[in-house]
Structures are given as C-alpha cells and as structure tokens.
Amino acid sequence: MATTKKNEDVEFVRTGYGKDMVKVLHIQRDGKYHSIKEVATSVQLTLSSKQDYVYGDNSDIIPTDTIKNTVHVLAKFKGIKSIEVFAMNICEHFLSSFNHVVRVHVYVEEVPWKRLEKNGVQHVHAFIHTPTGTHFCEVEQRRSGLPVIHSGIKDLKVLKTTQSGFEGFIKDQFTTLPEVKDRCFATQVYCKWRYQHSQDVDFEATWDIVRDTVLEKFAGPYDKGEYSPSVQKTLYDIQVLTLSRVPQIEDMEISLPNIHYFNIDMSKMGLINKEEVLLPLDNPYGKITGTVKRKLSSRL
C-alpha cells in the first residue's frame, strides 16, 4: 500500500510527463493542389502540484491520451503552417486551458517530403521522401513567459572526396595517426539554433537559409570546392556565416561527427590502391561540437 507521508529529506528538481511521438499527416487542399506536413510531436507538461508523485493523487493529471488527442485536434483546426508555429499553438493551448500547467515543452520533427517536379512543373498532389536533412524544433513556454524557440537540422549526411586535411596536431607516445593533406571528409550534421523572438519570423525560409549555408561552407564553390584544415574550422565557418545572414538567430549549436573512410591496403594482392577504394567505418568516430552566441555589443 502506498504511503501518504511526504519525505522531507528529498525535493524535486524537475518534473514532467506527456506523450511522445504523436504522428500526424496534415493535408491542406486548395482545389486540386494539395500540400502536406507529416510530423512526430512530443509534449511534456509540468504541473504546479506534485501530489501525483508524492501521494498518488491523480486529480490534477491531464491524461497523456488527452494530450495525444489535443495534438490531433489542433492539427485539424490550426493546420501546420510550420512546425514552430504548431509547437507554439500546443504550448498556448495547454497554458490557457489549464491553470495548473506551469510549463509546456514541445518537440516536433518533420518528415522530409518533397513535391515531385519534372521539367520545372510541380505535381499537384504527389511527393517523394528526400532524406536530405530533417527539420525539427523545440519550443518551451512557462506561464506568464514568452515561448523559447529552437529550430534545427539533423540527419544531413554530406561527403566530399578532397579539399580536406588534418595536420599540425599534437603527437605523443600513443599517436599513430599520420598527418594528411588530402582526405575524404564526411559527416552527419546536427545543427540547432535559438531565435531571439518569434515575431515576423519566417521559420520555413530561415531553415532553408541555414541548410543552404551549411552546404555552402562544407562544399565550397561548385567548380573547385573549399579547403577545410579541420572539422572545427568548417563548423565555426558555418556558424559565423549563418549568424551574419540571419539576424533573428541568437545562438547556434553544431555537432559534426567525423565519419571515417580509410584506404584499403591491396599490396598483398600486388595492387596499388591510390585512394580509389575506401572502407567506410561506422565507429569509432571523432565528434566535434561547438556553440556560439552573439556578443552583447553586436545586439546593441
């Protein structure tokens, strides 16, 4: 039998509950021209009371099944113009509908569907799955507070076969890695940024700008590329250029795993393999991260 006595020796740091991976396909029909948004949404609520944890009293709990249904209904009545706006709609609903909800955290991930196109003509209702970067967002709002909005890109896998090297690093008794002036550079981009505010922000267009900037700084000019002396330098260059192009972004976090491709030794077969046949290695892999933010002076 559950105890009804509160333990005075411990205190809550944070609580939350909700529903994860609520999937929705929303279809906007404008005559024969259809537009779609498929999303997976996770919602976490924090309540003012902790009586459900301490005493097993469920009288304040909004069931997670209700949370799931709410996501479905908001998609119907509000639509999904962008995943960021949809997440803000969810936050606003729970904070305005339930006085004992003090915090709402919403994560939304968009399935990368792209409209079919041929010879410049777009199909009116057919789409193809194009995994060239997944658009996600996180929105958190507290009672009497403004929403804090993060957007991001993940699962954007890119590779270039040259214009990358790694030299001049520390060498000790455990170092076996040779310096290299020319190598393959492959990574799977994770990029997340925070907006200063939500007013007059075109979230879809901003996401496209950031993604294009990532590809631009990774690849360089189409006819010759751009040399990368390290993953760190490429990461930083992406951040600096992005913040210069999008003034609404306050800070940006990037994670770039260094996905390795090694030359296969064919000497025992009497063959010389000049970086033509390489072995992809899933792990271990290097992982480079960095977060930058605008200096206060740059916002004045």
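Just so it is clear, glycine is given a Cβ too, placed from its N, Cα and C backbone atoms.
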Per Swiss-Prot, which of Arg183, Arg245 sits in the urate site along with Thr64, Asp65, Phe166, Val231, Gln232, Asn258?
Arg183
Would you work out the biggest C-alpha to C-alpha distance among Thr64, Asp65, Phe166, Arg183, Val231, Gln232, Asn258, the residues that bind urate according to the record, and give it in angstrom as a whole number?
52
If you count the other Cβ atoms within 10 Å of each Cβ, which of the modified residues Lys23, Lys114, Lys160, Lys217, Lys274 comes out on top?
Lys217
Between the recorded positions Lys19, Lys171, Lys224, whose Cβ has more other Cβ atoms within 10 Å than any of the rest?
Lys19
Among all the protein chains here, how many other CB atoms are within 10 A of the CB of Ser35 (phosphoserine)?
16
How many Å separate the Cα atoms of Lys274 (N6-acetyllysine) and Arg183 (urate binding site)?
12
